[in-house]
Amino acid sequence: MTTPKKTAKTSGNEARELADLSEDIGIRFKYPNSERVYLQGSRDDIRVPLREIRQDDTYTAQGAEANPPIPVYDTSGVYGDPAAHIDLKQGLPHIRTAWLNERGDTEILPKLSSEYGIERAHDPKTAHLRFNQITRPRRAKSGGNVTQLHYARRGIITPEMEFVAIRERLKLDELSQKSEYAKLLKQHAGQSFGANIPTHPDQITPEFVRREIAAGRAIIPANINHPELEPMIIGRNFRVKINGNLGNSAVTSSLTEEVEKMVWSLRWGADTIMDLSTGAHIHETREWIIRNAPVPIGTVPIYQALEKTGGIAEDLTWDLFRDTLIEQAEQGVDYFTIHAGVLLRYVPMTADRLTGIVSRGGSIMAKWCLAHHRENFLYTHFDEICEIMKAYDVSFSLGDGLRPGCIADANDESQFAELHTLGELTSKAWKHDVQVMIEGPGHVPLQRVKENMTEELQHCFEAPFYTLGPLVTDIAPGYDHITSGIGAANIGWYGTAMLCYVTPKEHLGLPDKEDVRTGIITYKLAAHAADLAKGWPGAQLRDNALSKARFEFRWRDQFRLSLDPERAESFHDETLPAEGAKIAHFCSMCGPKFCSMKITQEVRDYADKQKAQRQGMEEKAVEFVKKGAKIYS
């Protein structure tokens, strides 16, 4: 292995910050009028979290009418459970350990397998930054395969599969039997573009999950060294998921900031997190994040490998990269972005592009290929990479290193040449029973977005598609969460399984916490719009509940049911801050005399009154006839 040429500098300030990591950083979330609920599986240790939003009663002339609680998908882990004990220095509970032990196909290693991992574990300069509750890593027994795809193809339903089936179902099968949800569960028919979307919640079974994984249409990213994970699924025939990025850089951000940013991302609804750190203490930062993450963690291993060479792409070697893969797999990374489709012969195709190669990983591998005039070592060593992946159940996120960086370059020869190669690599990974998803663009004008989905389905055999947006225009720096959210909603509808968020700082700088919040909310919105459009069962429940609350002027319920309750309430209170305004039958937009919903209610009340009068007159007429129709008795 190549000896690393660069040793990260330590920071006394960062050590002091780590010493202060506690609930004081605001990691326990308090969602308004919400309750954490656990759905019980077939065994005691399958407890699936969801959040129920309680609603106020509706008051009519006939009295109070109860509004039922609304269940919502919850990614917040222990941070959203008021009863949970939280200690970032101890990490999260190991909910999967018993499942892993019972399968009997893994072994606890006596020590780390990665040379760099061993070096970091014994480096006194980083002792003050290390997570101290590290356990020995787990690996498949010799010659074994421990992937969820391997089990699914053998007809085995794992606890992870049952967990995600319950999680996707969100107890809507139970609610569909209750009369109080009858109107709320009505929704428009979706257009699924050939996807096999369940038509009723009771079809979302562990067996359905197993079949989707076995077919390669879905993955459960779940490294055996991430026992803290609450399993989730990424696939075309499930809810659209979103990924949030974080990571330090050589310019800014600290280890503590990244841990806080990870927890903050969960608060707003990130389904997975990618740690894209390129600055100091990459190894230690990742350990802290994984040990405290209830969601899958992804990385781009070539970033850390490059850091080990001092930033010199030409000095990258297969041995160095292999050791980095093992280092990260033994920490518990759930999926790797691997840019194995950037082939030497594709690089010249990008010469006429307006913005060339914009992927960091893609540009690193392109530079290596040109410097050595050899084929991409990630491609030539792909089978060996698969051997590592299946020993830890790390999923592939096959990187789009030649994705377009502007709409002018969208859907060009180099982009689709790489995509077709990713399809070839998908087939190769599947021969090893390694789980795969495919990364997609990028920057694509709206009229050409669907073509990307069609190409991916055809050439990558329905492996889950994972896209960065796409951005549908290039004229809005500072607003690229919106330009990309438009493309994301569309491509999610067409079949993309996971959307990688974009923040307002895209192309401008490293995002801070508020940028992360804005990016995640934007992408939760895009994913939800896609779920509505493709007809996911129960997707419209929350919309209907919020619409009913809006019509009935239940302001607090409107805030509670929204994706960002705090912001919704703060916008309302900017003009009507008084508590009485929370029950007023108008807002500051129209005022009390011009509110369309208030007028509609008055029209309905008037119509009801007229109807009552007509009924009264009709009843009197019938009574008059029954009494002989005499005017005077």
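Here the Cβ of each residue, glycine as well, is placed from N, Cα and C on the backbone.
From the candidate list Y303, Y392, Y479, Y494, the residue Swiss-Prot records in the substrate site shared with N245, M274, H339, S359, R360, G361, D400, G401, L402, R403, E439, Y466 is Y303. The record assigns N245, M274, Y303, H339, S359, R360, G361, D400, G401, L402, R403, E439, Y466 to the substrate binding site, and the maximum Cα to Cα distance across that set is 20 Å. Distances between the Cα of H443 (Zn(2+) binding site) and those of the binding-site residues N245, G361, G401, R403, Y466 are shortest for R403.
Taken residue by residue with DSSP, G401 (substrate binding site) is part of neither helix nor strand, so it is coil. Non-local contacts of G401 (substrate binding site) by the CB criterion (under 8 A, 6+ apart in sequence, same chain) comprise H339, G341, V342, I357, S359, G361, G362, S363, M365, A366, E418. When the Cα atoms are compared, H507 (Zn(2+) binding site) and N245 (substrate binding site) turn out to be 14 Å apart.
Put plainly, the binding-site residues Y303, Y466 were compared by Cβ crowding within 10 Å, and the winner is Y466. Of all the Cβ atoms in the protein chains shown, 27 others lie within 10 Å of the Cβ of R403 (substrate binding site). For the recorded site, Y466 (substrate binding site), the DSSP three-state label reads strand.
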